[in-house]
Structures are given as C-alpha cells and as structure tokens.
Amino acid sequence: MPTPLALLLSAILIIGTYFAMPFWPFRKSNYDPRGKHCYITGGSSGLGKALAERLVKQGAHVTIVGRDSKKAEGVVEELKAIAAPGQIIQCIAADLTSPIASTNAIHAACKPHADQAPDYVYLCAGFSRPKLFVETTKQELKDGLDGVYWVSAYTAHEACQMMSKQRRTGKIIFVASFLSYVSFAGYSSYSPAKYALRGLSDALRSEMLLHNIDIHIFLPCGISGPGFDAENRTKPAVTKKIEEGDTPITPDVCAAALESGLKKGYYQITDNLVTEPIRLRSNGGVPTNNFLLDTLWLIVSSVGVPIWRMTADSAVRSFRAKVEKELEAKGYYVS
C-alpha cells in the first residue's frame, strides 16, 4: 500500500500536471466543427441543446433530433437566430428507440447535404428513472435499455454504415455516464444500459480503425435541467444519500468539457476530477488520455476507490430497516 508521503507527492504531481495540461500538446486532433454537418440526438434540451448552440456559433451545420417536434422546432428557431447566412439548421422528429425511425431520421437529415453522411454524430439522447430493483416493473427494465442503449446504438449503426459505404471519415461521440464505470443501489434499470453503451463504444473504437472513423465516449456526472429534476422525482432515498454532496453541472459547462476532450483527442472524456480515479480503475484497456497523469490517478484510485465503495455500502446498509418498513407498508412481503 502506498505510504502517506507517496500519496501526498502523487497528489501534488497530479494537481500540478492538471493545471499544466492546457499547455501540453498531448496529441494531434482534427476536431473542427466549422462547416461540418453535426447530427445531435436529444438535441432539443439539456446537453444536446447546449452542444448545438456551441456548434452553431462555431459555424457548423446542425441537425437536432427529438421526439417532441414542437419543442425541437422552437430550438431550431433559437439556433437560426445565432447562425450565420448559409448555415443549415434543421430538426427531425423521431422516436430513436425504433430502428426504422433511427435509420429514416439520419437519412432525412442528410438530404440537404447531398445525401452525404454526417461529419460528426453526437448521441445525447437518453433518460434516467432510478428505482429500487425489486420495485421496478419488467416493462421499466425494458424501457431502460430502449431509452439508454438502443436509442444510441441504432443511430450509431446507421452512421457507421453510411460513413464506411461512402468512404468518409468522421466522428461518432457516445454520451454515457459516470454510471458506465460504477453503479450502486437505485440504478439497476439505468446503469446496465450505460455499461452496454461503453462496451459498444469500446468495440467500435477498435473496429472503426478499419474505416478511419473516430469513436469517442463522454462520461459526465449529473447534469442540471428538466431531465435531472425528473430523475430526482423517482430516486430512492438511499441513492440520494450515496450521491450526497454531488452537485450537477450545467449543460453549458458539460458541453464545454465534451468539446475540450474532443479537441485534445481523448477517447474517454470526463467532466470532472472525481471521475478520473474511477476511469482508470475501469477503463477496459482502452487508450489513456495522458500516460503520466493517468498513472498518477491510478495510484490514487488504488486507495480512494475502495474507500468510496465501503462508504457507499455502509450507506446502503444503514437504510435496510427503513426500506424494509416501507416495503412492508406497501404489502410487498408474502409472510
């Protein structure tokens, strides 16, 4: 086990390296949205909307996709107000949990672009409805996979086929979650799909090297907004206890973190330092972001992550009697 002195020195090196990072040329990145067709699922709210605004300001042609056509059209008007002449800004209304609708949506978006595949695909669609597993219905379990995994997997599949058939390079960016690395009580209908999304992204990062298509994955923590508010309405008390002290960041800050990682050429992109130790403990052998910094984080994670896990498990045990009483009041038990 590392000595206290070693941990202190590691912490100093990590902090110093972190603040020096903006001045270090880690790797070349060809990320430049100017003039590119950027296709954003879940683009009518939250991270997707904030990202769309940033991309329009950088001169990109933007297509947003969402279920609510009226809401999406309203966002398009906002985007057009900040766009320059010649930028193509449009929306597509579609239920992306359907493979047919996903295919039709991306092809419709490409019509104004001579049917060429999008340059950048940002997969921001998804939702979270935390509940205890024993109180979750079978349909809710299925909805969790549909609304988190398949809603992105179908679009990613069609985008990969379009790009490769047309021999076009491009980028596909999955938006996963901190809960793609680690999970705990309350997220049994959500984190399995996020784990699956990370598995798909890892596989495609390797496979798409055959076609010169770049794959990235963004793993943020909580993002403030209507989606986060809806999540909290069903979130069990034990889950809130484990997350106590976590402050969600705004969609604008989150979008900035995503683009910062893309500009640095990172494969796995996070939005705060808290996620870094978890990323290094669970990265599945994918490329690191920076060898030196990641090595230091790995040392810290060898102590920090087990402590966090023990703390989380202790919190769950402390709720055992309370949950049992609540379930009993609902007539859950058979004896």
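Indices start at 1 and increase along the chain as displayed.
Cβ atoms are placed via backbone N, Cα and C, with glycine included.
Per Swiss-Prot, the listed range annotated as motif 'GXSXG' is 42-46 (candidates: 42-46, 67-71, 167-171). Checking the ranges 78-98, 288-308 against Swiss-Prot, the transmembrane segment annotation falls on 288-308. Compared over the binding-site residues Leu96, Ile223, the count of CB atoms lying within 10 A of a residue's CB peaks at Leu96. Here the C-alpha separation of Tyr190 (active site, proton acceptor) and Ile223 (NADP(+) binding site) works out to 15 Å.
Applying DSSP to the motif 'GXSXG' (42-46) sorts its residues as follows: 1 helix, 0 strand, 4 coil. Just so you know, the Cβ of Gly42 (NADPH binding site) picks up 26 other Cβ atoms within 10 Å once every protein chain is counted.
Note: the Cα of Ile223 (NADP(+) binding site) and the Cα of Ser45 (NADPH binding site) are spaced 11 Å from each other.
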